[in-house]
Amino acid sequence: MTNSSEFTDVLQSRDPCVSNGVVISIDPIDPEPTPIRKEFTLEDTFHSVHHGNSEGFKTLTAFLCLMLSAFLNFFLLTVIHDVVPRQPLPDLTFMIIPQQRWAWSVGDVLSTVSSVVAFTIIFLHHQRWIVLRRTFLLGAIMYGLRAVILGVTFLPPSFHNRDEICQPQVNRTAMYGMEIATRFLTYVITLGLTSGQDKILCGDLMFSGHTVVLTIMYFVQLQYTPRGLVLLRYIAAPITFLGIAALVVSGGHYTMDVLIAYWLTSHVFWSYHQIFEMKKEDRPQAPLSRLWWFWLCYWFEADVADGKLVNKWNWPLEGPQKMHAIMNRINLKLQ
């Protein structure tokens, strides 16, 4: 039998990991530690700051697009008011339910409530810049399309007592430019909310801008609310559809105005999310990429990760720290 010293000599000659009779075992599964370079941390910080600046710039650009579309709507209304005929069209709803002027204020209030809830959800969302930008873009698309329709076809006011509600039409005189400027400024200041005015401009009917707001705010709540807030979604639905119904009952819109507005908004909203939740390399070849607004929005979504956003909440401000802890506990309950 070979003695122990000879056996050790043989092991040392065959395996360099054996020293002084002690076998050193190296686990091949554990990788060698990789030193952390300072350059990586600095570069990562730079990209993080650059990404944050890019998100802010894109959100601001989307907001400017929305303002451009909205102001174009306001301007067209100031001109259309003096062009549209005054004899209202027949409408099935008006034949069944007498027009109720008070319902217009209800529509304004419900659209405001829905907007406050939706924007609260947006600012608490951990991807708030992306959600806010998408909301602005969808509004810009819808109001841009609305401006085109307003400018090509003029529908008469839907009010039966239109002479009591609509401002008088004026002739194009030397002072007409000043009248247009005054009207436009009034609508910009009030953001188109006219429920508190004695007489309003008439003619911006096809399609309902209030319905666009109600519908987008409703869909934002459906899409970006954590699963634990299912009850909020059931509350949002009656607010939305009661607000839309109030717009028709008030006589401020024909039934077709709100139906077409809801139909178009729902198709644009869900088509947008369908295509931009796909993988980036698949988007240009998808059938939805043939939509006219696809390439307009493609740049805005270039830095967004594939797939649906995870609906988590966090506190948008640095302090107080207690709010961050509260939001963490809320997230645990809502997921």
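The backbone N, Cα and C atoms fix where each Cβ goes, glycine too.
The domain 'Sphingomyelin synthase-like' annotation in TrEMBL covers 202-273.
Taken from TrEMBL, the feature transmembrane segment covers 60-81 (among others).
Annotation source TrEMBL lists transmembrane segment at 101-124 (among others).
Marked as transmembrane segment by TrEMBL: 136-155 (among others).
Sequence-distant contacts of the transmembrane segment (205-224) (same chain, at least 6 residues past either end, Cβ-Cβ under 8 Å): 73, 107-108, 110-111, 114-115, 117-118, 121-122, 125, 131, 135, 138-139, 142-143, 146, 149-150, 153, 155, 157-158, 192, 232-233, 236-237, 239-240, 243-244, 247, 253-254, 256-258, 260-262, 264-266, 269-270, 273, 309, 311. Residues or ranges marked as transmembrane segment in TrEMBL: 205-224 (among others).
Residues or ranges marked as transmembrane segment in TrEMBL: 230-249 (among others). Residues 93, 97, 99-100, 103-104, 106-107, 110-111, 113-114, 117, 208, 210-211, 214-215, 217-218, 221-222, 255, 257-258, 262 of the same chain, all 6+ positions outside the transmembrane segment (230-249), place their C-beta atoms under 8 angstroms from a C-beta of that stretch.
Per-class residue totals from DSSP over the domain 'Sphingomyelin synthase-like' (202-273), listed helix then strand then coil: 58 helix, 0 strand, 14 coil.
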